[in-house]
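Asks: Structure in C-alpha cells, see below.
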Amino acid sequence: MSRKMFSCDFETTTKLDDCRVWAYGYMEIGNLDNYKIGNSLDEFMQWVMEIQADLYFHNLKFDGAFIVNWLEQHGFKWSNEGLPNTYNTIISKMGQWYMIDICFGYRGKRKLHTVIYDSLKKLPFPVKKIAKDFQLPLLKGDIDYHTERPVGHEITPEEYEYIKNDIEIIARALDIQFKQGLDRMTAGSDSLKGFKDILSTKKFNKVFPKLSLPMDKEIRKAYRGGFTWLNDKYKEKEIGEGMVFDVNSLYPSQMYSRPLPYGAPIVFQGKYEKDEQYPLYIQRIRFEFELKEGYIPTIQIKKNPFFKGNEYLKNSGVEPVELYLTNVDLELIQEHYELYNVEYIDGFKFREKTGLFKDFIDKWTYVKTHEEGAKKQLAKLMLNSLYGKFASNPDVTGKVPYLKDDGSLGFRVGDEEYKDPVYTPMGVFITAWARFTTITAAQACYDRIIYCDTDSIHLTGTEVPEIIKDIVDPKKLGYWAHESTFKRAKYLRQKTYIQDIYVKEVDGKLKECSPDEATTTKFSVKCAGMTDTIKKKVTFDNFAVGFSSMGKPKPVQVNGGVVLVDSVFTIK
C-alpha cells in the first residue's frame, strides 16, 4: 500500500525570547478535503507519529528547525542507523535541508516512520509564483507576521484562510508533479530520471561510465558557472537608452546542438594533439596572460588569495597561473588574451556526439510550447534542471544537528561521505558552450556591451545588433529573445542594477515594448540579496555602493526553532 503524502506549513512567532509555532496546517496531496489547521506543535507532532506518511514543507530549512528542536527536546536522538526513537537528516555542508526521517520503531520488519521533505527542492519558486504560474484556482494571501499571538491563540478566519491557501497551493502543485511521474526528492533528480527513461538506464551507464573519484576531482577543476560581467566603462554611471536580450533556454540549447563528451576519457601528457576519435579535451595549462585591446576579459580564478573570485582578469599579475580548461574555453582565451610562458602539462580527451539529449529536449519543448499553466512550468523545470545534475558533487558529507545548552540547534560536520559521480565532463562542457554563446555575442557588440549575466546581454542603443538579428525570436530554442528596452539604467556590480523599462498597457497589465509604442516606464530593481521591501526604497538618486537599509531577514537559531531577525542590507 502506497504511503499517504501531505503538504504542511507552520506559522511561527517572531520574538527571540518567545520562539514557537502558533499555527500548523496539513492537507493530503490528492485528497484536498483531508486537511487540518491547528495551533499546537505538540498536537502536530502527535499526528506525525501516528500518520507515518511523507510530508512536504516549502522551505524545510525553516520549518524543519522547529521539528528537530522538538524531537531533541522530547528524547529523540540523531542516528543514521534507523533505530527506534531516532531521526536522520540530509542537510548539506552548505546548510541546505533535504529530508528528516523520524523512526518510531518496527512492526516485524516494517519500519514505522514519517519522512519529511522539502517541496522547495521540487518546486524551486515562492508559493505565490507557483499559484500564478501553475494557474491554480487560488492565490497566496498575506498576514501580519508580527501581530501578538500568545500561547493558545485562537486562529482568526483570515489566518485560517491564509494557512489553508498555502498548504493547498503546494498540495495541488505536487499532485500534478506526482501524476506526471516526477516523484524524486529534487527537480534535478526528476529530470535525470526522465532522461534515463528515454535513453534507458543500460545505455546511460554505457554512454556515461562511472569515473573514479580522483579522476572526477581533476575534471571538476574545469567546471565553471555562467559568465556574469559588468563593463567598467559603465560601472556606477547613469546610462541612457539600451536593450536586453536573453537566450531562450540557454543550457538546453547547448545540450541540443553542441558536440558534447561521452565515454571514458583518455589521459594525455603535455599539449593535446589533434585526435579525430577524441576531439574534445580538457587541458591543464600553466601560463601568464594579458588582455588584448578591445576584448572582453574571460578568465576568472577562484579560491586563490591573489585574485577576487568574482573578478574577470586583465592580466595574471606577477606569477603564472595554472588552470584546467576545456578546448572551448581555451580557444576563447587564446582569442581574447596574449599568452606568455605557456606550459602544457596534461589533460583528458573525450569522444564527442551531438544530439544525445535531442529526444528528451524535443519531448519537453513540445509540452512547454503546447501547454499552459502547470504542465508548461513543469516542462521548463525538466529542461533546466538536467545539466547541473551531471556535475553533482560526489562529496555528500553533510551536517548533523544537535541541541546546544541554550536550547537552540547547533550543527557539526558529519562523517565523510561520498557517492558515485554522475558524469562531470558533461556538466563541464555544457557550461563551457553556454559561456561561449554569451561571450561571443557580447564581443561582437563590444562597442555597445554594458553587462552580461549567464544567458543575457545588455546593450546601449535601441538597434538590434547585426550578430543576432537573424536569430531573434521570443520562443525558438537557442534564439535570442528581446527581453526589454530601457529608457535609462544604472549598473553597480554583477547582479546589481536598475532600469526604467519602456512599457505599454495590454489587458490591464504592463508589457515591455519598444520606445515608439510605450505609454510609460516601469522601474525595475535587480539586486542579489535585496528583499522586495528594500527594493521599494530604491531610486536612481540613492542607488549606489554604500546604500543601506533595514529589512533583510536574518535567520537566528534560538530555543524552540528559528526567528527571522530584521537586519541591515548594504550594497558593497
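Any Cβ shown, glycine's included, is placed from N, Cα and C.
Swiss-Prot lists D142, D166 with the feature Mg(2+) 1 binding site, giving similarity to another entry as the kind of evidence. Here Swiss-Prot flags D246, V247, D453, D455 as Mg(2+) 2 binding site, drawing on similarity to another entry. Taken from Swiss-Prot, the feature 5-methyl-UTP binding site covers Y251, K368, K380, D455. What Swiss-Prot records for 1-222 is region '3'-5' exonuclease and strand displacement activities', and it gives similarity to another entry as the kind of evidence. If you look up Swiss-Prot, you'll see 56-66 marked as region 'Interaction with the primer terminal protein'. Taken from Swiss-Prot, the feature region 'DNA-binding' applies to 223-226. For 227-572, the entry in Swiss-Prot reads region 'Initiation, polymerization and pyrophosphorolytic activities', with the evidence type similarity to another entry. According to Swiss-Prot, the site 'Essential for 3'-5' exonucleolysis' annotation covers D9, E11, F62, S119, L120. Under the heading site 'Involved in binding template-primer structures', Swiss-Prot lists I90. The site 'Probably involved in nucleotide binding selection' feature in Swiss-Prot is assigned to Y251, K380 (among others); the stated evidence is similarity to another entry. The site 'Probably involved in binding template-primer structures' annotation in Swiss-Prot covers N384, T431, K495, Y497 (among others).
For each feature listed, report its degree of burial, its nearest neighbours and the pertinent distances within the displayed model.
Replies: Taking the Cβ of D166 (Mg(2+) 1 binding site) as centre and 10 Å as the limit, one finds 23 other Cβ atoms among all the protein chains shown. D166 (Mg(2+) 1 binding site) falls within a helical segment according to DSSP.
Counting Cβ atoms from all protein chains shown, D246 (Mg(2+) 2 binding site) has 19 others lying within 10 Å of its own Cβ.
K380 (5-methyl-UTP binding site): 17 other CB atoms within 10 A of its CB, across all protein chains.
A mean pLDDT of 95 is what the model gives for the region '3'-5' exonuclease and strand displacement activities' (1-222).
Residues 5-10, 12, 20-21, 29, 41, 89, 95-100, 116-120, 122-123, 127, 166, 170, 174, 409, 555, 557, 560-562 of the same chain lie 6+ residues outside the region 'Interaction with the primer terminal protein' (56-66) yet bring a C-beta within less than 8 angstroms of a C-beta in it.
Beyond the ends of the region 'DNA-binding' (223-226), by six or more residues, the same chain brings 300, 329, 391, 424, 427-428, 431-432, 434-435, 438, 453-455 to within a C-beta distance below 8 angstroms of the stretch.
Counted within 10 Å of its Cβ, the other Cβ atoms near D9 (site 'Essential for 3'-5' exonucleolysis') come to 25, all protein chains included.
With a cut-off of 8 Å between CB atoms and residues at least 6 apart in sequence, the same chain places V21, W22, A23, Y24, I143, Y145, E159, I163 near E11 (site 'Essential for 3'-5' exonucleolysis'), listed in sequence order.
The DSSP secondary structure for F62 (site 'Essential for 3'-5' exonucleolysis') is helix. The Cβ of F62 (site 'Essential for 3'-5' exonucleolysis') lies under 8 Å from the Cβ of F10, P555, V562, each on the same chain and at least six residues away in sequence.
In the three-state DSSP classification, I90 (site 'Involved in binding template-primer structures') falls within a strand. In sequence order, W97, Y98, M99, G398 are the residues near I90 (site 'Involved in binding template-primer structures'), counting only same-chain partners six or more apart with C-beta under 8 A.
There are 24 other Cβ atoms within 10 Å of the Cβ belonging to S119 (site 'Essential for 3'-5' exonucleolysis').
Of all Cβ atoms in the protein chains displayed, 24 besides its own lie within 10 Å of the Cβ of L120 (site 'Essential for 3'-5' exonucleolysis').
Taking Cβ-Cβ distances under 8 Å and a sequence separation of 6 or more, the neighbours of Y251 (5-methyl-UTP binding site) in its chain are N384, Y387, I430, T431, A434.
In this structure, N384 (site 'Probably involved in binding template-primer structures') is part of a helix by DSSP.
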Asks: Where does D246 (Mg(2+) 2 binding site) sit by DSSP, helix, strand or coil?
Replies: strand
Asks: Whole-number answer please: how many Å between the C-alpha atoms of D453 (Mg(2+) 2 binding site) and K495 (site 'Probably involved in binding template-primer structures')?
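Replies: About 7 Å separate the Cα atoms of these two residues.
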Asks: Excluding D246, V247, D453, D455, which residues of the same chain place their Cβ within 8 Å of the centroid of the Cβ atoms of the recorded Mg(2+) 2 site?
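Replies: Apart from the listed residues, the neighbours are F245, L250, T438, T454, S456, I457.
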Asks: Check the Cα-Cα distances from K495 (site 'Probably involved in binding template-primer structures') to the recorded positions S119, L120, D166, K368, D455 and tell me which is shortest.
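Replies: Ranked by Cα distance from K495 (site 'Probably involved in binding template-primer structures'), first place goes to D455.
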Asks: For D142 (Mg(2+) 1 binding site), which residues of its chain lie six or more apart in sequence with Cβ-Cβ distance below 8 Å?
Replies: Y162
Asks: Tell me the Cα distance separating K368 (5-methyl-UTP binding site) from D166 (Mg(2+) 1 binding site), rounded to the nearest angstrom.
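Replies: Rounded to the nearest whole number, the Cα-Cα distance is 26 Å.
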Asks: For the recorded positions listed here (K368, K495), which one has the lowest count of neighbouring CB atoms within 10 Å of its own CB?
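Replies: Output over recorded positions K368, K495: least Cβ neighbours within 10 Å is K495.
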